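A.B. asks: Structure in structure tokens, see below.
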Amino acid sequence: MLDVDSSTVIAIVVASYIIAFFLAFGVGANDVANSFGTSVGSGVLTIRQACFLATIFEISGAALLGYKVSETVRLGVFDIELYKDEEQTLMLGYLSALIGGAIWNLAATFLGLPISGTHSIIGAVLGFTLVPKGFSGMKWNNLLWVTSSWVISPFLSGIISIIITFFIIKFITEKPEPLESGLLSLPFFYGATILVNLFTILHDGPSFLYLDQLTWWAALLIASFFAISVGLVVWFVVVPMQRKRIHDSADFMQKDVCQEKQPIDNIAEEKTNGAVIAMESMTLKSTHDVESAKIEAENCTANEKMNHSGGDAFNSEKPEIATLFKYLQILTACFGSFAHGANDVSNAIGPLIAVVLIHQEGNVFQTGQSPYYLMIYGGIGISVGLIVWGSKVIKTIGSDLTTITPSTGFSIEIGSAATVLLASKAGIPISTTHCKVGSVICVGAFRARALGYREPKKSVDWKLFGNIAMAWILTVPLTALFSAASMYILTSLVPSQKSQPSSFF
């Protein structure tokens, strides 16, 4: 039986709290870029604004939904019966898992590589149990299910994002009046986002809010009511305001769709339906007179799909469309941050939860529910990590892999967040990194082909993606190695539970 008051056990608990914060810090610096990297990359949010919103929604997601995933991390990798009457050894194992995960997360963030916090913890838990027990008691079916989800999730996320991108291109950007088409779609987009988010919270939700007593249809009914209400508010309030703001905007009045910045003095202006199209600094082919500039302006729309320059259709977006999706992308980024909190915060502090429950219950079985204050603790650690050190990976996700505009950022956020939330409700610890990068790659490649990009293979930085994929492959073995090494050292230094003296120090 575990002596919960021994100095050795208390030292393990205190060390677990400290290392768990460093792990959460590393996950925040690395993984939260998944949620807000595309918003920062498209220019919708500054890094400071992203950090503020992430703090709120990461902690909310962890507190409201994170308890389900932490159970898989703690109990789903190996048979806990192996450690019956060896509570202290198991506590040392979870401390080792925290150390292994923290080392790799901090190292990857230093290198600017977006890795998976989920992979880190699963690999670390797998690594520590190999030292005292070898491969005995491994739950291979669970491990196969979890690891297969890591492969399936980026494809699923990418497919959802591609479908949304297709509808945006087909029914909004390619319409004769894209502004009106976009405005008409806003109530649906806002309502659908609220519906999915609320339903995942309400259905089989946390017991301290009594949400676990709601039936699925009651949860759907409540979520639908709020979604419809939001849609109506958007239709009657937001849409008219957006229409007026965009029409009054100077960005909408000056559509420099295919301009290139060059030191040319000739400026030609053409009035079309009351809007002035400024053709300042345009590349002129054979002559620099005003008439040829007008002819080139008329051909601009036809040629913009084939251009491969700074102001082409792939690398830019019409100002009115960008404005429409700006606020939507903020909403979906918050949605994604909430999903990340639900999935990855619980992964980061799953071993800490195990240590605390073993200490509280005096046995290895961890029958109690994950304490909510630990979820909040992990959320705070993640938020601090993002604020202090998150800009490196935000840049990788937000701008280095492919060009991201507000509309594609919206598609990416919805696809990845929906996939992560569904997995969180099922208790599957999937990788938000895989989902987000999968969506970024799929949308970048699809949009390049849909817009007739001249060199679609160059629409995505495949070399950078190769480096990211290599980091993904190395994550599980490296964290397992770090965790196993930590476990070996700790079990060598700390007296066993049966022979330990009265004091650890």
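Including glycine, each Cβ sits where the backbone N, Cα and C put it.
So TrEMBL lists the following for this protein:
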| type | residues | note |
| --- | --- | --- |
| TRANSMEM | 6-29 | transmembrane segment |
| TRANSMEM | 50-70 | transmembrane segment |
| TRANSMEM | 120-138 | transmembrane segment |
| TRANSMEM | 150-169 | transmembrane segment |
| TRANSMEM | 181-202 | transmembrane segment |
| TRANSMEM | 214-238 | transmembrane segment |
| TRANSMEM | 372-391 | transmembrane segment |
| TRANSMEM | 464-490 | transmembrane segment |
A.B. asks: Look at every Cβ pair spanning the transmembrane segment (214-238) and the transmembrane segment (372-391), keep those 6 or more apart in sequence, and say whether at least 3 of them are under 8 Å.
C.D. replies: no
A.B. asks: Which range wins on Cβ pairs under 8 Å with the transmembrane segment (372-391): 50-70, 150-169, 181-202, 464-490?
C.D. replies: 50-70
A.B. asks: Is the transmembrane segment (181-202) close to the transmembrane segment (120-138), in the sense of at least 3 CB pairs under 8 angstroms with a sequence gap of 6 or more?
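C.D. replies: Contact absent: fewer than 3 Cβ pairs fall under 8 Å.
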A.B. asks: Going along the chain, which residues at least six beyond the ends of the transmembrane segment (6-29) come within the CB cut-off of under 8 Å?
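C.D. replies: Contacts of the transmembrane segment (6-29) (Cβ under 8 Å, skipping residues fewer than 6 from its ends): 58, 88, 91-92, 94-95, 98-99, 101-102, 105-106, 109, 117, 120, 344-345, 347-349, 351-352, 355-356, 359, 377-390, 392-393, 494-495, 500, 502-505.
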A.B. asks: Which sequence positions outside the transmembrane segment (181-202), separated from its termini by at least 6 residues, show Cβ-Cβ distances below 8 Å to it?
C.D. replies: 64-65, 171-172, 175, 211, 214, 218-220, 222-224, 226-228, 230-232, 234-235, 238-239, 242-243, 320-321, 324-325, 328, 331-332, 335, 338, 342, 410, 414, 418, 421-422, 424-425
